[in-house]
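**Student:** Found this in TrEMBL, in case it helps:
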DOMAIN    91-498  domain 'Amino acid transporter transmembrane'
TRANSMEM  93-115  transmembrane segment
TRANSMEM  121-143  transmembrane segment
TRANSMEM  172-192  transmembrane segment
TRANSMEM  212-231  transmembrane segment
TRANSMEM  238-261  transmembrane segment
TRANSMEM  281-298  transmembrane segment
TRANSMEM  329-349  transmembrane segment
TRANSMEM  373-394  transmembrane segment
TRANSMEM  415-436  transmembrane segment
TRANSMEM  442-464  transmembrane segment
TRANSMEM  476-501  transmembrane segment
Amino acid sequence: RKYIMESELVVEEMKNISTTISSTSSPHDSNNIIPKTPKSPFSSKILTSPLASASPIMKKALTYMEEIGHLTKLHDPAQDAWLPITESRSGNAYYAAFHTLCSGIGVQALLLPLAFITLGWIWGIISLSLVFMWQLYTLWLLIQLHEFTPGIRNSRYLGLSMAAFGEKLGKILALFPTMYLSGGTCVTLIMIGGSTMKIFFQTVCASKSHITTLSTIEWYIVFTVSAIVLAQLPNLNSIAGISLVGSISAVTYCTLTWVISVVKERPEGVSFEHVENTSDVATICAILNALGMIVFAFRGHNLVLEIQGTMPSSLKNPSHVPMWKGVKFSYSIIALCLFPLAIGGYWAYGNLMPNGGILSALDKYHGEDTSKVILGTTSLLVAIHCLTSFQIYAMPVFDNWECKYTSKKKKPCPWWLRTGLRVFFGCLTFFISVALPFLPSLAGLIGGIALTVTLAYPCLMWIMIKKPNRYSPSWFVNWSLGLFGLVLSVLLVSGAIWTIATQGMDVHFFKTQ
């Protein structure tokens, strides 16, 4: 009854404010209107979402509703209206599903059968299932923490970390992992996308000897230029169509890969016997490496708050409801891709699985008896997915750079500066991919550090913010998972260091393969 009475008072107050303002305000009064970010002439008018703005009438009405706690407000409405993640808040459950599915499936999933070589059938399936449930639980925690304080939204992972652990500690803990998961992933996507473009061209033009293929670096340039063109779309909502294309591509190439592997005759000598290592330390490191492959197959936690930040939210219709619907749908699809990929790939190739994963096994054992159309299509779909994933993983970097400008200048970025920043980011990631071609060899080392973003920090942030009763189920579960995630991160980093120290690493600058 109290809520109904307060709601009626809100309606009446809004009517009074509207009547008062309409009788006293001039139609030409532009005070208090949040300036819009200038649109780039290169961006699509169809895909571009309108920028947030507020009229004087609505601002007074919304301010009143914020004061009585019936509307969610922002840290800084003006600045949020200028930044690419939050300038458009017209997202919905469908957009959330597209973004989550596109960012949640990666080429790392193609390495899952390799983990089963070390873990075997039982422990491989158990580990994959437990990690899937664990990371899905941490996703739910992040979605709930998006608006842990009534009236304040945390639309960025770094901001939530600073709110939970304090400004200095939160920045120390989360800044490097989140920036690596954005910038480092984009560098890797250039390497993988450019290489698969080259494979696609070679597959299609294999019978045409007079056609000369481009070099690897030239294919990197083709990929980077394509990514920069798509990056001119202004905000996260505007790339929903791009994410849909990437989602379809990812699901298709994952399904094609494991279906062809299972349907085709298995190569001779397939075995599921446990591989013996030379020492106990080598065995432990092999197990840690296998667990790392499983953990790294699940990604996108550094983007979930940003995706939720594109949705409207109020007390009656909070953003966590459509966000969780989109996540549940997308991760149902992800499970239907990853589990058959891991189990089917291991069944088809066993211990014969090459280090490149199931895609390399498909080319090695069935490259001659599989249609060139299917092989070429698979490579093309991988390249398309890399190109679309680049957009969503680069968006937090764009947002961070523009945030620094708007915080200092107190105005939105002009279109030419926004365009220039995105071109510069594309050129920077291209330069790193060419200068440091051995960067994927450090994925286990750096990825172990970034692992905390997925499995540990959400549990610890829940405890710091929600402060559950000591020894309650929530307190026990989150402390256990958070600490175990930190320990697992340390173990993976240690195992990666030991592997590099014992096996060495081929370090070569500006020598792409």
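Heads up, the Cβ atoms here are built off N, Cα and C, so glycines get one too.
Note that the coordinates shown come from a computational prediction; the quantities given were computed from them, not determined experimentally.
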**Student:** Among 93-115, 121-143, 329-349, 415-436, 442-464, which stretch has the highest count of C-beta pairs below 8 Å with the transmembrane segment (373-394)?
**Tutor:** 93-115
**Student:** Okay, the transmembrane segment (415-436) and the transmembrane segment (238-261): do they have at least three CB pairs under 8 Å, pairs separated by 6 or more?
**Tutor:** no
**Student:** Taking contact to mean three or more C-beta pairs under 8 angstroms, with sequence separation of 6 or more, is the transmembrane segment (415-436) in contact with the transmembrane segment (281-298)?
**Tutor:** no
**Student:** Count the Cβ pairs between the transmembrane segment (212-231) and the transmembrane segment (172-192) that lie under 8 angstroms and are 6 or more residues apart in sequence, then report whether there are at least 3.
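**Tutor:** When sequence-distant Cβ pairs are counted, the transmembrane segment (172-192) touches the transmembrane segment (212-231), since at least 3 lie under 8 Å.
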**Student:** Could you tell me what the rest of the chain brings near the transmembrane segment (442-464), counting residues at least six beyond its ends with Cβ under 8 Å?
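**Tutor:** Those are 134-135, 138-139, 141-142, 144-145, 157, 160-161, 164-165, 173-174, 176-178, 180-181, 184, 188, 289, 292, 295-296, 298-299, 301-302, 474-475, 477-479, 481-486, 488-493, 495-497, 499-500, 505, in sequence order.
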